[in-house]
Amino acid sequence: MNRAPPGVSTAEVRAFGLARVGFPLGLFSHACFIPLFWYLDQPVMAIFNIASVALLIWGVRAAWTLGDIKWPTLLTFVVEIPLHAVLCTYYMGLPPFFIGYILFPILLFPLIPYYSATTRLLLSLGNGLVFVACGAMAIMSEPARPLTDGWNIFFFFFNAGPIIPFLGLFTAIYANAATTAEEKLEREYERSERLLLNILPEPIATRLKDRPHLIADEYPSVSVLFADIVDFTRTSEALSPPELVRALNRAFTRFDELVEKHGCEKIKTIGDAYMVVSGLPEPREDHADAMVALALDMIDAAEEINASSDFPFTMRIGINSGPVVAGVIGERKFAYDLWGDTVNVASRMESHSKPGVIQISEATRAQLGKPVRVDPLGDMEIKGKGLMRTYAVSRAG
């Protein structure tokens, strides 16, 4: 059997669960009160409990047939329970502990999802005031129809018996709800942090969270890498869209691992193009060496992928070094990006490179410190720059 109507919130599922337990227990206790109160010459309370039984039957039926429990719940918490407690305390005093039932709406109203948080708080506080007023009334006046000590003890255990365990249950419910909410918030925070760090370098993400504003930092010397797949458009036509996405994901996931290994920073991917920078946001003197080492590993990774799949995977890579501006612009779908002549030249290094070749500029070659093989490729015409001397790098033989 369903616990709640389909499509309702988690809070409403919880409310139905409480109703399916609370209404039957309340019905049982009030049904027992009717003959007891007649026997004890408490006619007002006996008649009141007949009305209470009718209300609780409505609540039981609504809870178990997945009907509307809003109104029977409201009438029970706002009218039946507090009025029953006040009348019992007026007629029989504090010893039977009927006043204790007011604790139920005080504790349960915050869990009822049918009203705003403010309304639930006010209704809970209202029952709290009734509890205090009822206790004060009993202290300042004698009961109208007092019971014998034996009946006072009987009703005390009859009433306190279920109230005390339920108080423990409510405490557990609140503790579980708080723990669950805190764990969910922590998971969501960790998830959002991971997503943010996939978009921005950690130092930039920290700055953006601490003080949201335009970020534009100048870096005097970094190395920028562009890479793409040779004949990607023609090759992709032979693959279905899912196959193409899987192939790119496999390659770029491997490249991401290599970027992290060499301490570089991935900037973005656009289609089959892959852009990386070394030397920011934390400056490093060996940025050119790190970038060339990354490029060599990317070529090796591409060959491994090529050998183990039907996807003809050949990389073309270009690297340039120099000053850039790096930052975050925009407020929606923002991204960390690079600007400057260094970036444009790096892109030209890649677009004019040959398949399987890592082409670097003179600026990058001048900053290399680790041993690699550097072969001159001659001068290349760069739009807006004129002739530039370029080189091909490979592993030292």
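Here the Cβ of each residue, glycine as well, is placed from N, Cα and C on the backbone.
Just so you know, TrEMBL annotations are computer predictions that nobody has curated.
Source: prediction; values computed, not measured.
Summarising the annotation, TrEMBL assigns transmembrane segment to 21-40 (among others).
If you look up TrEMBL, you'll see 46-64 (among others) marked as transmembrane segment.
For 71-92 (among others), the entry in TrEMBL reads transmembrane segment.
Non-local neighbours of the transmembrane segment (98-115) in the same chain are 9, 11-12, 14-15, 18, 22, 70, 73-74, 76-78, 81-82, 84-85, 88-89, 92, 121, 123-124, 127-128, 130-131, 134-135, 138, 155, 159-160, 163, 166-167, 170, 173; each lies 6+ residues outside the stretch with a CB under 8 Å from one of its CB atoms. Here TrEMBL flags 98-115 (among others) as transmembrane segment.
Sequence-distant contacts of the transmembrane segment (122-141) (same chain, at least 6 residues past either end, Cβ-Cβ under 8 Å): 77-78, 81-82, 85-86, 89-90, 93-94, 99, 102-103, 105-107, 109-110, 115. Look at TrEMBL and you will find 122-141 (among others) tagged as transmembrane segment.
When Cβ-Cβ distances below 8 Å are used as the criterion, the transmembrane segment (153-177) is approached by residues 25, 29, 92, 95-98, 100-101, 103-104, 107-108, 111, 147 of the same chain, each at least six residues removed from its ends. What TrEMBL records for 153-177 (among others) is transmembrane segment.
Residues in the domain 'Guanylate cyclase' (223-350) partition by DSSP class (helix H, G, I; strand E, B; coil) as 57 helix, 39 strand, 32 coil. The domain 'Guanylate cyclase' annotation in TrEMBL covers 223-350.
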- prompt: Cβ under 8 Å to the transmembrane segment (46-64), counting only same-chain residues 6 or more beyond its ends: which ones?
  reply: 16, 19-20, 22-24, 26-27, 30-31, 33-35, 37-38, 72-73, 75-76, 80, 83-84, 87
- prompt: the domain 'Guanylate cyclase' (223-350): mean pLDDT?
  reply: 84
